[in-house]
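Per TrEMBL, these features apply:
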- Glu181: active site, proton acceptor (ACT_SITE)
- Asp45, Ser46, Asp84, Lys112: 3-methyl-2-oxobutanoate binding site (BINDING)
- Asp45, Asp84, Glu114: Mg(2+) binding site (BINDING)
Amino acid sequence: MKKITTATLRKMKQDGDKISTITAYDASFAKIFDQAGIHAILIGDSLGMVLQGQEDTLPVNIEHMVYHTQCVNRGVTKTLIISDMPFMSYATKEQAYSNAAKLMQAGASMVKLEGGEWLVDTIKGLVERGIPVCAHLGLTPQSVNVFGGFKVQGREKSQADEMIAHARLLEEAGAQLLVLECIPSKLGKAISEAVSIPTIGIGAGKETDGQILVMHDALGISCSYMPKFSRNFLIDTGDIKKAVELYISEVSNGNFPGNEHIFN
Ligand code: KIV
Ligand code: NA
C-alpha cells in the first residue's frame with residue numbers, strides 16, 4: 001500500500017471518510033497499528049504520563065521525543081508519523097526550527113504544536129522550510145497550569161468564537177492538520193466546517209474529520225485515569241491488532257465516539 005501523506009488525509013476530508021489516528025511510542029506497537037491500517041501515528045508528549053508516570057506533559061523534552069520518534073519510525077511502513085514538539089521547545093521561532101528539524105531527522109513527517117494565533121509566524125516559517133505542521137487547539141495540555149487543571153475549553157461563546165478564528169488563522173499560516181482536544185461537540189463541528197484542513201478530535205465530538213486516542217486509553221492499560229472521551233477497545237476483542245481494527249471501523253462508521261464520550 002502507498003504511504004499515507006497529508007494529501008491523503010486532505011482527500012479523506014473532502015470525500016467524507018473519517019480519519020483514525022492513535023499515539024505510539026515504540027516500534028512494536030507502531031508496527032501493529034500500521035498493519036491494522038491506522039491513518040496516522042502521533043508520538044505524543046503524553047508519553048510523559050503513560051510511559052514516564054508523570055502528572056502532566058511538562059517534564060518531556062526534545063531528546064525524549066527524538067528517541068521515541070526513532071523507535072516508532074522503525075516499526076512503520078505506510079502510516080503518517082507526527083511528533084509532538086514538547087513544552088517550551090518552540091517558545092521562539094529559532095527554537096522551533098532547530099527542534100522541529102531534530103524530529104524530522106528522527107523520522108517524523110509532521111510536527112505538532114499547541115496553541116493559537118501566537119504560532120502564526122512560527123508555522124509559516126516551519127512550512128516555508130519544509131516542515132509540515134499539525135496545530136492543536138482546545139485543552140492544550142502544556143498550558144494546564146494556565147487553565148488551572150484539565151478542563152473542557154470553549155464552553156463560553158466568546159471563547160468558542162475566538163477558537164474558530166484561531167483555527168482559520170492557523171490554516172492560513174500553513175497548518176495542514178488540526179487536533180481539537182476536549183471541547184463541546186458543537187464547537188468541534190463548527191471548527192471542522194470553518195477550515196478546509198482535516199480536524200482530528202479527542203473529546204471533541206463526532207463531527208470532527210477524524211479521531212485520535214492515546215494508545216494506553218484505547219487498550220485500557222494506562223497508569224493514569226481513564227478519560228470520559230476514551231473507550232477500551234481491547235475488552236471487546238482480546239487482541240491488540242483487532243482492537244485497533246475495531247477502533248478504525250467504529251470511527252469510520254460513526255459509532256465512536258458515542259454519546260457517552262462527548263461534551264455538550
Ligand atoms: O500527546 C498526545 O498524546 C496528544 C494527543 C492526545 C492529541 O497530544
Ligand atoms: Na501532546
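The backbone N, Cα and C atoms fix where each Cβ goes, glycine too.
Model, not experiment: these values are computed from the prediction.
Cβ proximity to the 3-methyl-2-oxobutanoate site centre (mean Cβ of Asp45, Ser46, Asp84, Lys112, cutoff 8 Å) flags the following additional same-chain residues: Thr23, Leu42, Ile43, Gly44, Leu47, Thr57, Val60, Met65, Ser83, Met85, Pro86.
For ligand 2, the nearby recorded positions are Asp45, Asp84; that is, of Asp45, Asp84, Glu181, these have a C-beta under 6 Å from one of its atoms.
Here the recorded positions are Asp45, Glu114, Glu181, and the one ringed by the most other CB atoms within 10 angstroms is Asp45.
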